[in-house]
Amino acid sequence: MISLITFILFYTTIFQCYNSKGIIQEDILSYNTSLIHNITQVLDTILLKQDRHFRPINGDSNVPLQVEIDISVRSIGPISEQKMEFSMDCYFRQKWLDRRLAFDTFGNRNDLPISSKMLNDIWTPDTYIRNGRHSYLHTLTVPNVLFRVRHDGQIHVSQRLTIRSRCKMFFKKFPMDCQACPIEIGSLGYFSKDIVYVWKDVELDSKMSNMLAQYQLLHVIKTSHNWTDPHDNKLNISVLKVYFKLQRQQGFYILQIYTPCTLIVVVSWVSFWINKESSPARVSLGIMTVLSVSTLGFSYRSDLPKVSHSTALDIYIISCFGFVFAAVIEYAIINYVNRTNIRKKYRKYAYHQSH
């Protein structure tokens with residue numbers, strides 16, 4: 001009798017567990033279905049209110065739309081001195097307010113993560129890199145774009161970009177130079193009365209300084225101004241600029257150019273202790289040092305643009321060349337004076353012998 005009661009209680013408990021599990025699964029499925037339905041309904045509603053051909057006017061039409069820019073830099077480089085350009089890998093974020101996309105909160109949700117494909121169905125600012133040469137959006141494995149809409153109509157768009165931009169460089173102090181490479185951001189078709197860009201932040205990866213082989217990143221400078229068309233003063237465009245101040249590291253040039261050139265100059269001075277009668281040794285040493293400085297010193301020029309002015313390294317190499325060339329001239333003068341003295345002595349000796 002006890003065994004029968006135990007058997008009945010056991011199977012009753014198992015049946016209740018399975019029954020409650022089925023109820024929970026039905027509740028979860030019902031909640032998910034309701035949530036998806038609400039999201040779909042919200043998206044359909046806000047897209048019906050949206051006209052992607054016109055910028056949002058949030059109140060006064062005379063007040064320009066504010067677009068907030070945030071850049072998170074992952075890496076800088078490569079930097080090409082010859083082409084005067086630099087590359088940067090970053091997350092480029094934009095934020096603006098479009099009340100046409102506002103919606104009522106539901107299910108404790110204040111924002112909606114939406115597929116980047118829907119960016120084609122809403123208005124977006126025509127932001128571009130003004131000094132860019134070649135920039136592209138990362139698309140592996142999918143387009144690297146994050147699109148999010150808040151309930152109040154605030155839009156967040158984040159894109160992973162690789163930007164290659166012009167960088168005007170000055171090489172008079174090379175290789176002790178500093179370069180300030182800018183990124184210029186602006187609107188392609190909207191004037192400052194329509195869109196105003198403002199900075200939020202420019203973040204740097206903490207490990208980025210170790211990734212730069214030739215440079216050290218000193219600091220970042222953010223600026224904003226209105227650019228005026230020189231042909232039409234009425235055309236003003238809101239522009240943001242960020243300067244990356246880069247200090248060149250001199251270790252490579254000390255090991256590859258400065259130290260060898262200094263040693264070659266010291267070697268050229270050895271000829272001062274060689275017997276003045278040993279012409280082959282002194283001439284060979286002088287010619288070898290002159291050719292070595294010429295070959296070693298100006299080999300770095302292939303990495304720089306063909307600028308008309310001289311660099312600090314040019315002046316140092318020319319000085320080294322002057323020292324080794326002076327050693328050759330010194331022997332030529334000594335040899336000439338020595339031969340002149342020998343001729344005088346020979347003539348004097350011949351004169352005394354004839355008398």
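Even glycines carry a Cβ here, placed using N, Cα and C.
Bear in mind that TrEMBL entries carry predicted annotations, made automatically and left uncurated.
Taken straight from TrEMBL:
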type: DOMAIN; residues: 40-249; note: domain 'Neurotransmitter-gated ion-channel ligand-binding'
type: DOMAIN; residues: 257-345; note: domain 'Neurotransmitter-gated ion-channel transmembrane'
type: SIGNAL; residues: 1-17; note: signal peptide
type: TRANSMEM; residues: 252-274; note: transmembrane segment
type: TRANSMEM; residues: 281-300; note: transmembrane segment
type: TRANSMEM; residues: 315-337; note: transmembrane segment
By Cβ distance under 8 Å, which residues at least 6 away from the ends of the transmembrane segment (315-337) in the same chain are close to it? 257-258, 261-262, 264-265, 268-269, 271-272, 276, 279, 282-283, 286-287, 289-290, 293-294, 297-298
With helix taken as DSSP H, G or I, strand as E or B and everything else coil, how many residues of the domain 'Neurotransmitter-gated ion-channel transmembrane' (257-345) land in each class? 75 helix, 0 strand, 14 coil
Mind checking which residues reach the transmembrane segment (252-274)? Cβ under 8 Å, same chain, six or more beyond either end. 175, 214, 281-282, 285-286, 289, 292-293, 296-297, 300, 313, 316-317, 320, 323-324, 327, 330-331
Rounded mean pLDDT for the residues that make up the domain 'Neurotransmitter-gated ion-channel ligand-binding' (40-249): 87
